[in-house]
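Per TrEMBL, the features are:
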type     : residues : note
TRANSMEM : 12-32    : transmembrane segment
TRANSMEM : 44-66    : transmembrane segment
TRANSMEM : 138-158  : transmembrane segment
TRANSMEM : 178-197  : transmembrane segment
TRANSMEM : 209-230  : transmembrane segment
TRANSMEM : 242-266  : transmembrane segment
TRANSMEM : 273-293  : transmembrane segment
TRANSMEM : 299-316  : transmembrane segment
Amino acid sequence: MVLPPAHSSRLKYVSLGVLVFQTTSLVLTMRYSRTLKEDGPRYLASSAVVSAEVLKILVCTLIVFMENNFSVRLLKEEIVNKPVETLKLAIPAGIYTLQNNLLYVALSNLDAATYQVTYQLKILTTALFSVSMLGKRLGLYQWLSLLFLMAGVTLVQWPTESEVDSEQVVLSAGSQFVGLMAVLTACLSSGFAGVYFEKILKETKQSVWVRNIQLGLFGFLFGIVGMTVYDGERVRESGMFQGYNTITCTVVALQALGGLVIAVVIKYADNILKGFATSLSIIVSTLISYFLLEDFNPTSLFFMGAMLVIAATFLYSNERKPANGSAIKV
């Protein structure tokens with residue numbers, strides 16, 4: 001199937017918009033779920049990661065069935081009969097599983113502002129991996145836009161003295177170090193796995209949904225191993241789905257949706273634009289916190305940061321398009 005340039009461009013920005021919505025919703029619901037006080041045990045992060053992978057596999061399988069008149073022939077040909085191609089997804093799947101678990105660790109040990117600012121380092125790592133692994137050539141505008149983006153997000157999330165006093169959060173040095181290492185490792189893994197997956201998607205004729213099934217299968221296996229190793233005793237005592245409620249199910253659903261949206265974004269855009277969408281979602285989250293939750297007071301730093309992020313987005317989009325990019329094949 002060949003998409004005309006106008007259609008592919010619309011699809012790219014629609015997918016980016018959906019990614020902003022998904023990331024914003026996930027940040028808000030995940031933060032709420034990890035701070036909600038309950039009588040029973042809190043849900044296991046490793047269990048939520050496994051559940052999200054299962055849901056992603058089910059959704060992608062349903063889509064493939066619908067596209068192929070509910071025939072299993074395509075899945076058998078692409079997954080079972082091509083073991084080498086399938087095994088290529090084991091590397092990013094394992095890294096994504098590690099990354100998803102690390103983010104829960106980070107959220108449990110760092111305050112929200114520190115976590116969100118530090119996690120934006122994944123944009124820089126993604127750019128570096130894109131240059132080294134995909135041979136991307138970033139011009140001066142692109143490098144400047146990355147610097148503006150980092151500065152803008154930092155200003156937006158920079159905590160004020162009043163915010164620190166009102167939160168009254170006291171974190172031990174050990175806890176902060178664990179959280180910081182978790183975020184930095186997640187940034188590196190996110191950059192490498194995202195670019196690796198982008199390379200596979202753009203070099204293959206396989207459906208993005210089939211690739212996501214392959215990715216999800218390995219992610220499920222790695223997730224089960226991680227849950228058994230780190231939370232095996234708690235699972236045996238109270239079950240895998242302990243502490244699950246409506247909020248937990250929403251977090252799981254948003255995580256699964258995120259994997260699908262990101263795959264579409266990678267197919268039609270690239271990982272650096274995905275990073276911009278994530279950064280814009282932070283600003284949207286902040287606005288929602290102000291207008292709906294009423295727990296944030298915007299400062300001059302916020303407006304300066306927002307302007308920098310918007311400027312960076314337009315600056316990056318000024319990249320020259322290839323002359324032969326008349327159609328995109330999917």
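Cβ atoms are placed via backbone N, Cα and C, with glycine included.
Below 8 A, the CB atoms of the transmembrane segment (209-230) and the transmembrane segment (44-66) form 3+ pairs separated by six or more positions in the chain. Beyond the transmembrane segment (44-66), the same-chain residues lying 6 or more positions past its ends with a Cβ under 8 Å from any Cβ of the stretch are 72, 74-75, 97, 100-101, 104-105, 207, 209-210, 212-213, 216-217, 219-220, 223-224, 226-227, 230-231, 234-235, 240-243, 248, 251-253, 255-256, 259-260.
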